[in-house]
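Noted in TrEMBL for the protein shown:
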ACT_SITE  Glu98  active site, nucleophile
ACT_SITE  Glu102  active site, proton donor
DOMAIN    18-212  domain 'GH16'
CARBOHYD  Asn106  N-linked glycosylation site
SIGNAL    1-22  signal peptide
Amino acid sequence: MRKLSLVPQASLLTTLIVAASANFLADVDLTWGSGRGKILENGNLLQLSLDKASGSGFQSKQEYLFGRIDMRMKLVPGNSAGTVTTLYLSSQGPTHDEIDYEFLGNISGQPYTLHTNIYTQGKGNKEQQFRLWFDPRLDFHTYSILWNPQQILFYVDGTPVRVFRNMEGMGLPYPKNQAMRLYSSLWNADDWATMGGRVKTDWSQAPFVASYRGFSANACVWAGGRSSCPAAKGTWWAQSLDSPGAQKLKWVRQNYMIYDYCTDSKRFPQGFPPECSLST
Ligand SMILES: *[C@@H]1O[C@H](CO)[C@@H](O)[C@H](O)[C@H]1NC(C)=O
């Protein structure tokens with residue numbers, strides 16, 4: 001595990017390392033699934049596949065300490081029940097930080113569940129789940145994680161679906177000292193993913209395939225014990241929800257949110273965690 005202190009000295013922050021790009025050959029490693037993950041079209045397309053024997057996954061070559069990550073994804077089409085496709089940032093070790101998207105498949109014609117979670121210092125339990133306002137099997141859509149020192153924002157096609165603010169002032173840990181790598185995987189989770197495990201993966205439909213394009217990381221890159229941010233850091237560095245963004249988030253929560261840990265009183269009989277007392 002890498003622990004580091006963020007030293008926002010001008011010398012660190014002016015080094016020009018722009019990680020934004022869109023080539024999987026240059027930017028990611030296929031890490032598991034022996035041949036089930038493939039980089040195609042000269043690095044413009046990546047596909048993960050899952051069959052009865054194994055799923056597959058990839059990770060970014062670089063580690064980031066704050067940034068905006070965008071990925072276009074087209075999820076497993078048709079009957080994807082039992083499959084889970086993930087896209088997440090994570091550091092290493094028992095007190096790791098993590099920012100998660102998980103896409104839980106479903107039988108044909110039934111909606112995916114978009115599951116999100118955040119781990120700070122090894123502690124998760126901050127789940128929110130959503131429906132999407134489109135069928136994510138049919139086309140590529142952009143899933144983004146914006147992570148700056150003040151907040152974490154999850155965007156789907158530019159629409160904010162979740163915000164997690166830095167609440168260190170209330171004594172809550174915030175991810176800011178551990179660099180994170182981007183990971184993605186496609187795996188079988190039919191013991192729990194679809195309707196609590198009641199719907200199993202239909203292996204006659206295998207291989208299941210999820211597709212990726214347009215990865216960009218506009219981020220501070222952590223390497224050799226230091227962080228290098230782009231000279232012009234871009235709007236993500238200071239971005240927060242403006243009022244149109246807050247309106248959109250409200251629209252998502254009212255119409256598409258299906259689970260919020262902050263309203264699950266069965267889980268927190270002793271009272272909700274302190275961050276739940278803040279408005280979204
Ligand atoms: C699958 O579809 C059913 C019926 O619409 C729904 O209740 C369920 O939440 C969906 N998603 C998952 C992941 O089970």
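Heads up, the Cβ atoms here are built off N, Cα and C, so glycines get one too.
Note that TrEMBL annotation is computational and uncurated.
Feature map: TrEMBL annotations on the structure.
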residue	record	Cβ within 10 Å
Glu98	active site, nucleophile	18
Glu102	active site, proton donor	19
Asn106	N-linked glycosylation site	21
* Asked: Taking the recorded positions Glu98, Glu102, Asn106, which residues show a Cβ-atom distance to ligand 1 below 6 Å?
  -> Asn106
* **Asn106 (N-linked glycosylation site) versus the residue listed as 'active site, nucleophile' - Cα distance in angstrom** => 25
